[in-house]
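These come from TrEMBL:
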BINDING   GLY19, SER20, GLY21, LYS22, THR23, THR24, ARG127  ATP binding site
BINDING   THR23  Mg(2+) binding site
BINDING   ASP41, ARG65, GLY87, ARG149  substrate binding site
Amino acid sequence: MEHHTTANPKPVFIVGFMGSGKTTWGRKLADKTGRTFIDLDEVIVQEIGMPIAAYFTEYGEHAFRELESRTLKNIAPDLPAVVSTGGGTPCYFDNMAWMNRHGITIYFQLPPKALWSRLMQTDIGTRPALNGLSGPELLDYITAKLAERAPYYEQASYTVNQLAVRPEELIALIK
Ligand SMILES: Nc1ncnc2c1ncn2[C@@H]1O[C@H](COP(=O)(O)OP(=O)(O)O)[C@@H](O)[C@H]1O
Ligand SMILES: O=C(O)C1=C[C@@H](OP(=O)(O)O)[C@@H](O)[C@H](O)C1
Ligand SMILES: [Mg+2]
């Protein structure tokens, strides 16, 4: 990928619910396009020196959202990066408008059931926004939370069906 030149130098922001594959696909997409990969949660974890769940417990969600917004806006506007955001990032402050102004935004859309089955297979404790829920209660929670967040996600430049999209289609979007 060394010789790849990126025609579009703006950062690409991937948005969507927890479990939609932002981190997994973001990394792959960056690899395939020669862009720098940035996982917003990982940058935050590096800075605070503790897991996000521990930060939530110690300082509360509001402090996390402020830190998240500040970290997002520290990303250089001319860095050709793929940025995997956190599931809540677009829904606080003017973050979504900021991302749309500074880069290309892609919403990874998935139905609640698909998100649920993925999240059920991960360590739920690492995602404080799930409140430790599992089983049918988690599905209800995902359904309600997704309905609340969808209006923000839908402001993205592109919405893709994450279950059907092929990597080449995503690459074409950001060329
Ligand atoms: N395309 C996919 N198909 C099936 N499982 C996936 C896919 N992409 C990601 N996953 C799984 O779903 C979980 C959440 O993925 P992750 O990339 O961390 O999502 P996000 O960053 O959006 O929360 C992980 O366990 C991952 O292995
Ligand atoms: O949806 C949310 O509110 C959150 C999602 C997480 O990111 P992922 O979507 O990558 O799990 C992380 O930012 C934090 O735990 C809060
Ligand atoms: Mg992630």
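Cβ coordinates come from backbone N, Cα and C, glycine included.
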Ranked by how many other Cβ atoms lie within 10 Å of their Cβ, the binding-site residues SER20, THR23, THR24 are led by SER20
For the binding-site residues listed here, GLY19, GLY21, LYS22, ARG127, ARG149, which shows the highest count of neighbouring CB atoms within 10 A?
LYS22
Given LYS22 (ATP binding site) and GLY87 (substrate binding site), what distance in Å do their CA atoms have, once rounded to a whole number?
9
Which of these binding-site residues is closest to ARG149 (substrate binding site) if you go by CA atoms: GLY19, GLY21, THR24?
GLY19
Cα-Cα, GLY21 (ATP binding site) versus GLY87 (substrate binding site), nearest Å, comes out at 10
Here's one to test understanding: among the binding-site residues ASP41, ARG65, GLY87, whose C-alpha is closest in space to the C-alpha of SER20 (ATP binding site)?
GLY87
Below 8 Å Cβ to Cβ and six or more residues apart, same chain only. Which residues does that give for ASP41 (substrate binding site)?
THR23, ILE52, SER84, GLY86
For the binding-site residues ARG65, GLY87, which Cβ has the most other Cβ atoms within 10 Å, all shown protein chains included?
GLY87
